[in-house]
Amino acid sequence: MKYGKWFVRVNWITLVFIFLVVIAGSFVRITGSGMGCPDWPKCFGQWVPPTEKSALPEDYKDIYSDKRAKKVEKFSNFLAAIGMETTADKIRNDKSILIEQDFNARKTWTEYVNRLFGFLAGNGVLLVFLWIMIKYREKRLIFVGGINLVLLAFQAWFGSIVVATNLVPWTITVHLFLALVIIGLQIYLLRMVSPSQQRNIKVSKQFYGLLFLIFFITFAQMFLGTQVREEIDHLTKAGIGREGWSENLGLIFFIHRSFSWLVLALIVGMFWIARKRKDLRILHWAFAMLVIELLSGVILNHFNVPGLVQTAHLLFACILFGILMMAIFRLKTGTKNLNTV
């Protein structure tokens, strides 16, 4: 079936918005703005947050701390019910979760902009699903679009949990990986409806296996990166400043850094094999993204983890993830010789 140009465009725009949410979320984290809005979905009980502390009640900290305590208790009960008693007890007994930050207009509006991007991405996913239901009604589109919508709704709910638990590190990691799943589903939708993504590219089984290996290691690298970020959060809570992060990061950081060179070697090999194939230019972009990603990693390691570079590091990792996923969907095994791809 041929799909309308505007339907395809809306799908691409939605994908861009989802990436913007990831970027905004990263910026929120590095600026410490995650608790700029202590409630969810509103911000200080308003759809448009205040710009001055005088607009808030004098006991605003107590108000939002009490609300947080109730939500944390509900979430802890949920975790206990699904067998995560240890995690539930840890959250219940962490009194720092209930400590409210002083009002900071800059942090409040940084978090608010992040939520606006989330609102736009959510409406994009909803619009795509309604478009499918009203005009196309294909089972496969309904299935993928429906799962994406449900996941996005769950992601929105989980975002409220991230806020309620005062940014417990593992919840932020789960929040990011849910975003990656949503990105993957949106890319798969584009694979089905976009003419540029529907064209298959024939490669050898060995080459496709190499691509899949690179994708798997990249995904593992992103997970290790989140663990490094969690270590940084713990160092920050321990009072260790940015200048001491690099030298105090442990084994996970070493593994993450070492695996980067493995990914580089594999992608260089893939790039060399595919260099003469014009229809494999998507892999050239993967190589470019990885080079930039490695450069940002080197800067993070040698210059005390500068904040904006952290955002760039995550952005290029997500773009690399998206490019590799597009390639996995488009490449099909057809030739027999790895050297001819």
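Glycine residues also receive a Cβ, built from the backbone N, Cα and C atoms like all the rest.
Automatic prediction, not curation, is the source of TrEMBL annotations.
As written in TrEMBL, here are the features:
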- 12-32: transmembrane segment (TRANSMEM)
- 116-134: transmembrane segment (TRANSMEM)
- 141-164: transmembrane segment (TRANSMEM)
- 170-190: transmembrane segment (TRANSMEM)
- 210-229: transmembrane segment (TRANSMEM)
- 249-273: transmembrane segment (TRANSMEM)
- 285-305: transmembrane segment (TRANSMEM)
- 311-329: transmembrane segment (TRANSMEM)
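Residues 7, 10-11, 13-14, 17-18, 20-21, 24, 141-142, 145-146, 148-149, 152, 156, 159, 182, 186, 189 of the same chain lie 6 or more positions beyond the ends of the transmembrane segment (116-134) yet place their CB under 8 Å from a CB of it. In summary, the transmembrane segment (12-32) lies against the transmembrane segment (311-329): three or more C-beta pairs, each 6 or more positions apart in sequence, are under 8 Å.
Most Cβ pairs under 8 A with the transmembrane segment (285-305) among the ranges 170-190, 210-229, 249-273, 311-329 are made by 311-329.
Packing against the transmembrane segment (311-329) from elsewhere in the chain are residues 15, 19, 22-23, 26-27, 30, 180, 183-184, 187-188, 190-191, 197, 211-212, 214-215, 218-219, 221-222, 225, 282-283, 285-286, 289-290, 292-293, 296-297, 300: each is 6 or more residues past its ends and has a CB under 8 Å from a CB in it. Outside the transmembrane segment (170-190) by six or more residues, the chain places 8, 11-12, 14-15, 18-19, 21-22, 25, 29, 34, 87, 125, 128, 141, 144-145, 147-148, 151-152, 154-155, 158-159, 161-162, 197, 219, 222-223, 226-227, 229-230, 318, 321-322, 325-326, 329 with a CB less than 8 A from a CB of the stretch.
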